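Everything below concerns the one structure shown next.
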Amino acid sequence: MEGKEEDVKLGANKFSERQPIGTSAQTQDEGKDYKEPPPAPLFEPGELTSWSFYRAGIAEFIATFLFLYITILTVMGVVKSPSKCSTVGIQGIAWAFGGTIFALVYSTAGISGGHINPAVTFGLFLARKLSLTRAVFYIVMQTLGAIAGAAVVKGFEKSRTFEMLGGGANSVAHGYTKGSGLGAEIVGTFVLVYTVFSATDAKRSARDSHVPILAPLPIGFAVFLVHLATIPITGTGINPARSLGAAIIYNKKHAWDDQWIFWVGPFIGAALAALYHVVVIRAIPFKSKS
């Protein structure tokens, strides 16, 4: 029995310290492998003379163009079918949005950061992750890309068919109030932008370097889950460029009546996510200046 007890003790003490988790890990690793980056300047004129700045904007344009092209075609394919059983259905639409975001963020993250969404850009700007110059440029390019993507889809479909199928435009569904639609957009965008902050947090990468994470994957899943929840309410915007691009090409009154919801809601949701990440999760305002 003595020999067995010694084996047990040896096994218990073989690894003197376990890898701490949760709060313990955060406390232990504080300042060990990570240094807080300085906030991005509000204006950075030097960006305007850099090719990488314009290359990033072009990447945002192309990514948003492809995003609208794939997702609106998917939506219209479901809408025009007399039997939803013969289509991918709501789940397929949600997968199209989430899967496309996963692929495009993965492809463009190293060039522009892979925002593909003015709400994401706005949230990152509020957290001082990029300059106002870059934020405005990204939002303009994303919007132009969305308009171009929706226009190509209309070119593939007959004009009358495109209009009958709704053009993939967002609007608040019958049976829901505008307040409900606004709330759905705020919460849905909060989920997305909060996931973006968490998945791309440099401190988390330094602390949990032993845990590999592919940032575009949780971001794509967040988009997928939000679409499952809110397609019946608003068709799911959570991306002002996507909503505006489809509305401009579709150009019908009911799409414009609700358009404000798909800008105000996502921007509020993004601002709340940025506030939550910076003040609560990272507690940056409460850290002592060294």
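Here the Cβ of each residue, glycine as well, is placed from N, Cα and C on the backbone.
Annotations in TrEMBL come from automatic prediction, not curation.
The region 'Disordered' annotation in TrEMBL covers 1-39. The transmembrane segment annotation in TrEMBL covers 58-80, 92-116, 136-156, 213-233, 260-284.
Counted over residue pairs separated by six or more positions, the transmembrane segment (213-233) shares fewer than 3 Cβ pairs under 8 angstroms with the transmembrane segment (58-80), which leaves the two as not touching. Taking every recorded stretch in 92-116, 136-156, 260-284 and counting its Cβ pairs under 8 Å to the transmembrane segment (58-80), the highest total belongs to 136-156.
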